[in-house]
């Protein structure tokens, strides 16, 4: 019990220290991700794919997938108010733009659902959790997506695709390889590293109250897999911290465990 109190006190001091750092860093990182995604997408939609070899595609598609994932992570941080804490309006504007670019997703709806997830993790009223039947990866993924997608969004994306293809004369091949495919792969990446692995029930049962597990891996690999979303226990314990501060919490937590 004493150890638990010491751990909680240490965690509060650490998160306070991290939160005191520049508020503008989060804004800079968010705008950098959005800008890099936009520049990369424009370039890839205009490139002549018939001049590219197979191995270049093996780099470009994962690259664009990674940037799409970054868009969602940026919107996720905005939902926690940590993209730009100095201004709620700017913070949520960036969140809305990120979700719009990601897949025309409604920010306010996802904001409400996400906080419901944090308040009720791995429960029947957690919108991200399975229903008790769809527990395997693919079944849970489709159940998860059904809760977040609507026919209105699908129709809007279809019209957007047709406009870019027919009016802007962007080839189908470029659109499928660098717009459609990366966005779909990104949703799988986010679900696997941000929901399926962290919130699947462990053999010994969930640890309350967060019911979240961390994917134990080096910081560089954590970044590449899902912008440190795999440090999920740390995120649920510190929802007021942005994704790029989670490794520090993770590493200090490991040191605390060793010392304890």
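Even glycines carry a Cβ here, placed using N, Cα and C.
Curation does not apply to TrEMBL; its annotations are automatic.
Keep in mind the model is a prediction, meaning the values are calculated, not measured.
Mean per-residue pLDDT, taken over the domain 'Fatty acid desaturase' (54-155), amounts to 95. Here TrEMBL flags 54-155 (among others) as domain 'Fatty acid desaturase'.
Per TrEMBL, domain 'Fatty acid desaturase' is recorded for 176-252 (among others).
Under the heading transmembrane segment, TrEMBL lists 27-46 (among others).
Annotated transmembrane segment per TrEMBL: 52-73 (among others), in sequence order. If one looks beyond the transmembrane segment (52-73) by at least 6 residues along the same chain, the residues whose Cβ comes under 8 Å of a Cβ in the stretch are 33-34, 36-37, 40-41, 44, 98-99, 101-102, 177-178, 181-183, 185-186, 189-190, 224, 226-227, 229, 243.
TrEMBL lists 148-164 (among others) with the feature transmembrane segment.
What TrEMBL lists as transmembrane segment is 176-194 (among others).
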Distant-in-sequence neighbours of the transmembrane segment (27-46), which means Cβ under 8 A and at least six residues beyond its ends: 60, 63-64, 67-68, 70-71, 73-74, 77-78, 83-84, 90, 94, 97-98, 101, 164, 170, 174-175, 177-179, 242, 244
